[in-house]
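**Q** There's a structure below that I have some questions on.
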Amino acid sequence: MAATLGKTIVATGASSGLGFESVKQLLQQSQPYKFIIGARDLKTTQAAFDQVQYDAKTHSVSILPLDLADLRTVKPFAQQTLEALDQDKLDILFLNAGMNKAATGPGLHGSKWCEAYVVNHLSQHYLTQLLRPKLSASHSRVVVVSSGLIRAVKEADIEAFETTLKADSGADGFKVYHASKFVQFLGAHWWRRQLGTSATVLAVSPGLVIGTGLGRHLDTQPNLDHIPDKVTVDKGAKSLLRAFDCNDIPEDPEQIFLTSWGEWWPKDVYSLSLDKSLQDRWCPSQEDIEA
């Protein structure tokens with residue numbers, strides 16, 4: 001089968017919120033895109049995209065089953081994705097899925113980890129492992145949706161991650177979100193090291209976005225009315241899309257964080273994440289994940 005013209009994007013967390021809006025904005029462009037989207041609720045996600053006005057002769061949207069809270073669904077999704085790609089390049093791996101939820105109750109599907117950690121980091125790290133050969137062969141760009149909250153993490157917090165991120169640790173949603181997003185950022189560094197020059201890995205913040213549904217699992221919803229820098233979903237998506245094709249990437253391989261206002265954070269902002277042994281600790285091998 002001949003390769004598809006245009007860019008091919010594999011996306012997580014694109015059934016609603018920022019991910020959905022990002023895909024929607026790209027579907028309005030004249031450049032062809034082929035999307036492969038992982039979603040837990042196929043029917044609802046398909047219905048949402050059916051409402052988007054786009055040229056189906058120019059773009060394609062395929063929705064495949066993926067429940068990031070269940071590691072067992074990741075490998076079948078990766079296999080179906082590779083089959084769907086066939087000879088096409090994987091131009092962009094868009095890792096957008098995220099949740100804000102307290103670590104209460106037992107881990108899902110027998111996991112020792114809380115659901116938010118599995119969704120925010122472990123499952124998407126595993127997916128990247130499974131797609132690694134294709135990423136290298138395609139010279140892909142891996143776009144990790146991060147958060148400016150990573151700079152609030154302290155050394156004492158990192159030392160407590162093993163406890164905080166365990167299932168039923170009792171840690172509240174905000175503590176779990178800070179920890180899991182920091183670990184996710186460690187993963188971005190780790191993948192930048194592992195993939196080297198064969199692929200590009202970036203982390204990008206959408207800013208403080210309102211109306212995404214990220215905090216729907218929280219018992220108490222934060223009041224953002226007093227925060228002047230909050231942004232809408234469409235503006236947050238524009239910030240994310242900047243990472244898809246920006247060409248001003250710093251030469252320093254550790255300077256990978258693109259802010260919502262389009263600047264690259266200096267490394268001293270996130271110096272704690274530069275510890276390679278810490279990156280290794282939180283980025284298990286495919287074999288360890290499957291054990």
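Just so you know, glycine gets a Cβ as well, placed from its N, Cα and C.
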**Q** Going by the NADP(+) site in Swiss-Prot, where D67, N96, Y177, K181, V209 are listed, which of the candidates L18, L258, L272 is also part of it?
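**A** Candidate in the recorded NADP(+) site: L18.
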**Q** What does DSSP assign K181 (active site, lowers pKa of active site Tyr), in three states?
**A** helix
**Q** Work out how many Å separate K181 (active site, lowers pKa of active site Tyr) and N96 (NADP(+) binding site) at their Cα atoms, rounded off.
**A** 11
**Q** How far is it from V209 (NADP(+) binding site) to Y177 (active site, proton acceptor), counting Cα to Cα, in Å?
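**A** Roughly 15 Å, rounded to the nearest whole number.
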**Q** What count of other C-beta atoms do you get within 10 angstroms of the C-beta of L18 (NADP(+) binding site), across all chains shown?
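**A** Taking every protein chain into account, the count is 24.
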**Q** Could you state the CA-to-CA distance between Y177 (active site, proton acceptor) and N96 (NADP(+) binding site) to the nearest Å?
**A** 14
